[in-house]
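Q: This structure is in structure tokens; I'll ask about it shortly.
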Protein chains: 2
Amino acid sequence: MTIRYPNGKVYTPKTPITKTEKTEKMEKEKDFSFSNRGKTLEDEIDEANAYYLNRQLAVIHKKPVPVQIVKVEYPSRSAAVIREAYFRTPSTTDYNGVWNGYYIDFDAKETSSKTSFPLKNIHTHQMTHMQKVTEQLGVAFILMRFSTLERYFIVPYEVLQKAWCAMEKGERKSIPLTQIEQEAYEIPTSYYPRIDYLNVLQQFIESKD
Amino acid sequence: MTIRYPNGKVYTPKTPITKTEKTEKMEKEKDFSFSNRGKTLEDEIDEANAYYLNRQLAVIHKKPVPVQIVKVEYPSRSAAVIREAYFRTPSTTDYNGVWNGYYIDFDAKETSSKTSFPLKNIHTHQMTHMQKVTEQLGVAFILMRFSTLERYFIVPYEVLQKAWCAMEKGERKSIPLTQIEQEAYEIPTSYYPRIDYLNVLQQFIESKD
């Protein structure tokens, strides 16, 4: 059906959403939710970390969100309530801990792109922190999810740093998936925990040693 | 001067504070403030950690206080304000990081006692966490200050655990200073950073290796 303005011009919606496209999108989301049970990447990492902690395989925790607390109320007979606080910029990555004597340090990042990971998803302070960790012989990486493809990778700091330097020289602002497939370590998904990343991390550590 | 009640009994204050005692206390506090510049133990550790980070000697951070955020307001043109949040019980110790390939994990504790450290200052979840860290070959300890004596020690988890087990068997609820002097590692204070604890930690790590 063609819709016309009063002046006779054909109306074209700016962001055309046809019924078919919308349905396709919904079905895709449904599929997606089913296969990973609607979990965020953070949920999936929490699940793996809880699994490792309970089985005494590793001690890795997510750091709390840093907040600047300004005002706290102490209502009688109940818990203290924070009434004014502000989010602060973290100076580290979100996850760290210890595994078999190794210091483990990483951040979780995801992209909906099917072909490359945009470097703008990583902040400068995170690169700086991972560099310092690497200098102290810690194991630093990004746990990366290509959410549309449902593929997960451990991308070592060294790989990110090379791409970051290239970007700063004016070269491309993303890492192609093909490069990640070659230089990073893919985490196969399983039932529980969905992303058993320590299994794959072993390969990365062995390549460093 | 003797103060008498109307009934003739001599008045004795319950918590007698004579002018002399009060003045002595103030002078002592003044001395104390002068020698450590009025800093809390947390400030002193922050100072050391900043020193290590800037000189690329170690990457050790204090974890943010964990809070459960319930309500956030987004005033236009200004930063998001947290309007309702609650303190959560941490499941780990406060400090962790990496030094020369070693995973470092500790909490800071102080006592005003001159003769022993009360074990009630340490929480069960902290003991559990330090045990898990030790099992993963991390370096876990308490950085302990005897604030009245101005003495600092690195007390290895192993020493704490022995005392903790004894307490659970109904034995003493504190660790005598004499035992700490023998089994822990004293941190000599210096000008900057005031507590250069990594220097002493080296001895502890060498004793483990």
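The count begins at 1 with the first shown residue.
Glycine is no exception: its Cβ is also placed from the backbone N, Cα and C atoms.
Grabbed the feature section from TrEMBL, which reads as follows:
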- B:12-31: region 'Disordered' (REGION)
- B:19-31: compositional bias 'Basic and acidic residues' (COMPBIAS)
- B:THR92, B:ASP94, B:ASP107, B:GLN126: Mg(2+) binding site (BINDING)
- B:LYS109: site 'Transition state stabilizer' (SITE)
Q: Write out which of the listed recorded positions, namely B:ASP94, B:ASP107, B:LYS109, B:GLN126, lie with a C-beta under 8 A from a C-beta of chain A, sequence order kept, or 'none'.
A: none
Q: Including all protein chains displayed, how many Cβ atoms other than that of B:ASP94 (Mg(2+) binding site) lie within 10 Å of its Cβ?
A: 19
Q: Look up B:GLN126 (Mg(2+) binding site) in the DSSP assignment and report helix, strand or coil.
A: helix
Q: Relative to the mean position of the Cβ atoms of B:THR92, B:ASP94, B:ASP107, B:GLN126, the recorded Mg(2+) site, which additional same-chain residues have Cβ within 8 Å?
A: B:LYS63, B:PRO90, B:THR93, B:TYR95, B:ASP105, B:PHE106, B:HIS129, B:MET130
Q: Please report the distance from the Cα of B:THR92 (Mg(2+) binding site) to the Cα of B:LYS109 (site 'Transition state stabilizer'), rounded to the nearest angstrom.
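A: Spelling it out, the Cα of B:THR92 (Mg(2+) binding site) and the Cα of B:LYS109 (site 'Transition state stabilizer') are 14 Å apart.
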Q: Starting from the Cβ of B:ASP107 (Mg(2+) binding site), draw a 10 Å sphere and report how many other Cβ atoms land inside it.
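A: There are 21 of them.
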